[in-house]
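**Q** Pasting a structure below so you can have a look.
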């Protein structure tokens, strides 16, 4: 049913009123700051004002399902088809690269305090330790200087600054900058819930607006301009908890090979499995390659979106982006990422909205964007303790800060692991349940539920299911070999 002119005019007036009221709220917050503080925060809150104005105007899904086009030939390149550059070429290319890690997240979902990047994942080494080792290994091996940049949030910056001091004597050039800090707004009135512009005075009233904020914050930090002046051409950006996201010289060769078809934006995608059905995928829309997230999909087409047959790839969030192209897109004002609406209920009782964006959604704003279908080994995220069990096990070998599948594993796929939430979802509880991490070289599937512990030197093979019902406990004895076994009931091993 078409909207009448009167209704349309009323909606526009309401939008203008909401935008005006928000700007007045933001101005009131800024008025409490000193002139020096005000300048920096005004730029940041101006970004929120623009995001809010877009939110008011955008109604309905950003994608019309029937207008999605078939991916054109060459839109997604196969990793195996990429050229392997010479050592001299690699050295030259690395001097044109910047590595950026997204370091804004906390470890709270895994029961840890502070930045997620300081959780130990292997041999007492943290995500950040492994990242630094990777860059130091590259710099030493090729005699280059690849800078490492961390995008922190106000949640992680203070702790991260203390931790990076321990790397001062290493061969790694460190830079950090903060993504924006935006006010949470009330769901019903759109007013910010904060009363003070001082973030620490009321942490719950503020939020980091997703990693799509990278572009503007990188520019505002001065680092984008600095690296372009140094002759750097591309950044490789990834989540710090993706242990498979290492610098790849074959992809670097592709993006730095001159020519009319040289891409400005490369998204690494990998084959979708049933475990990845909610991950973003690549589509062709309005003759441009772009990211499609499940939040943009109309309800009646969610089954199509999650189908492995219809959409074969999903986004790893490993991105290669041309630095001067970022500068151009920002200068032209053409950076337009879909807004992710994230409603939350706070401990204070407030029902709030967070307006967020995703870094990969900017793909459509760049010229010559392509996808590369990379091996699954380049997507090794640690989101849960089940992922942590994988990367701590003998399935992986550590070399130069990089984890690679052990050559002793007979097949390239990783086991499917499900650990019960109550006893295993926090890192401290998880670690207390393993005397040593089991041998998993021949494991296909592991399900553990209930009060279960593992002794030293346990070996798991094939499909293993261990279920301790409520009130029962199962202690897997040291040296046990479980192959294609279901274990249930009650099994106690007592020291004497």
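The backbone N, Cα and C atoms fix where each Cβ goes, glycine too.
Pasting the relevant annotations from TrEMBL:
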BINDING   116, 179, 210, 241, 383  UTP binding site
BINDING   211  substrate binding site
**Q** Just jot down the residues in the same chain as residue 116 (UTP binding site), at least 6 apart in sequence, with C-beta under 8 A of its C-beta; none if empty.
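**A** Same-chain residues close to residue 116 (UTP binding site) (Cβ under 8 Å, separated by 6 or more) are 105, 106, 107, 110, 127, 240, 241.
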**Q** Pop the Cα-Cα gap between residue 211 (substrate binding site) and residue 179 (UTP binding site) into the table, whole Å please.
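**A** Residue 211 (substrate binding site) has its Cα 8 Å from the Cα of residue 179 (UTP binding site).
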**Q** Looking at the binding-site residues 211, 383, which sits with the largest number of other Cβ atoms within 10 Å of its Cβ?
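**A** Counting every other Cβ within 10 Å of each candidate, the maximum falls on 211.
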**Q** Among all the protein chains here, how many other CB atoms are within 10 A of the CB of residue 210 (UTP binding site)?
**A** 23
**Q** Applying a 10 Å Cβ distance cut-off over all chains shown, what neighbour count does residue 179 (UTP binding site) have?
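**A** Result for residue 179 (UTP binding site): 27 neighbouring Cβ atoms inside 10 Å.
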**Q** Between the residue listed as 'substrate binding site' and residue 383 (UTP binding site), find the distance joining the two CA atoms and give it rounded to the nearest Å.
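**A** The residue listed as 'substrate binding site' to residue 383 (UTP binding site), Cα-Cα distance: 17 Å.
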**Q** Suppose we draw a 10 Å sphere around the Cβ of residue 241 (UTP binding site). How many other Cβ atoms does it contain, all chains included?
**A** 22
